[in-house]
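Comments concern the structure below.
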Amino acid sequence: MGLEKSFILFSLLVLVLGWVQPSLGRESSADKFKRQHMDTEGSSKSSPTYCNQMMKRRDMTNGSCKPVNTFVHEPLEDVQAICSQGQVTCKNGKSNCYKSSSTLHITDCRLKGSSKYPNCDYTTTDSQKQLIIACDGNPYVPVHLDDSV
């Protein structure tokens, strides 16, 4: 009887671990948004090499060069607040996008035409624009930067 209970408990443990394990170490959409788009310090954003450094540092040049990316130089709370501002339709047709009511300080990074992996070379453009972001989850948080206008 004791051996049977142990086997059942062991089987349940294996089942639970098999269910939980795949999500361990997987980056959430909210964490990916922060990694790819948030740079509150923006220490060298005015430098022409800012995008080259940040794209590499944030793992967006592993295996290929990400063609376009935007870094936001505002507090995370300000970006999260966009999720309760003006709702708009996302580029993919979904209805979970929101447009910031004011402009935010951003840096656009665009892959130069002649650039090829592994030598990813980006142009750096500093500007003030409104952001359109997709929000999801509970709590409702940014998960995708859809556009800047």
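Cβ coordinates are placed from backbone N, Cα and C, and glycine is handled just like the others.
Residue environment of His37 (active site, proton acceptor) contains 19 other Cβ atoms, counted within 10 Å of its Cβ in all protein chains. According to Swiss-Prot, the active site, proton acceptor annotation covers His37.
If you draw a 10 Å sphere around the CB of His144 (active site, proton donor), it holds 21 other CB atoms from the protein chains shown. Positions annotated as active site, proton donor by Swiss-Prot, on the basis of similarity to another entry: His144.
Under the heading substrate binding site, Swiss-Prot lists Lys32, Arg35, Lys66, Pro67, Val68, Asn69, Thr70, Lys91, Arg110, citing similarity to another entry as support. Its Cβ placed at the centre, Lys32 (substrate binding site) has 13 other Cβ atoms within 10 Å.
In this structure, Cys51 (disulfide bond) is part of a helix by DSSP. Per Swiss-Prot, the feature disulfide bond maps to Cys51-Cys109 (among others).
Cys65 (disulfide bond) carries neither a helix nor a strand DSSP state and counts as coil. Per Swiss-Prot, the feature disulfide bond maps to Cys65-Cys120 (among others).
The disulfide bond annotation in Swiss-Prot covers Cys83-Cys135 (among others) and rests on similarity to another entry. A simple way to gauge crowding: the CB of Cys83 (disulfide bond) has 20 other CB atoms within 10 angstroms, across all the protein chains here.
For the recorded site, Cys97 (disulfide bond), the DSSP three-state label reads strand. Under 8 Å, Cβ to Cβ, and six or more positions away along its own chain, Cys97 (disulfide bond) finds Gln87, Val88, Thr89, Cys90, Ile132, Ile133, Ala134, Cys135, Asp146. Annotation source Swiss-Prot lists disulfide bond at Cys90-Cys97 (among others), citing similarity to another entry.
Among the features that Swiss-Prot reports, signal peptide is placed at 1-25.
His37 (active site, proton acceptor) sits 6 Å from Thr70 (substrate binding site), taking the CA atoms of both as reference points. Summary: among the recorded positions (Cys51, Val68, Cys90, Cys109, Cys120), the fewest other C-beta atoms within 10 A of the C-beta are counted at Val68.
Shown in sequence order, His37, Ile106, Thr107, Asp108, Cys109, Leu131, Leu145, Ser148 are the residues of the chain, 6+ apart in sequence, with a C-beta less than 8 angstroms from the C-beta of Thr70 (substrate binding site). In the shown protein chains, 15 other C-beta atoms lie within 10 A of the C-beta of Arg110 (substrate binding site). The two recorded residues, Lys32 (substrate binding site) and Cys51 (disulfide bond), show a Cα separation of 17 Å.
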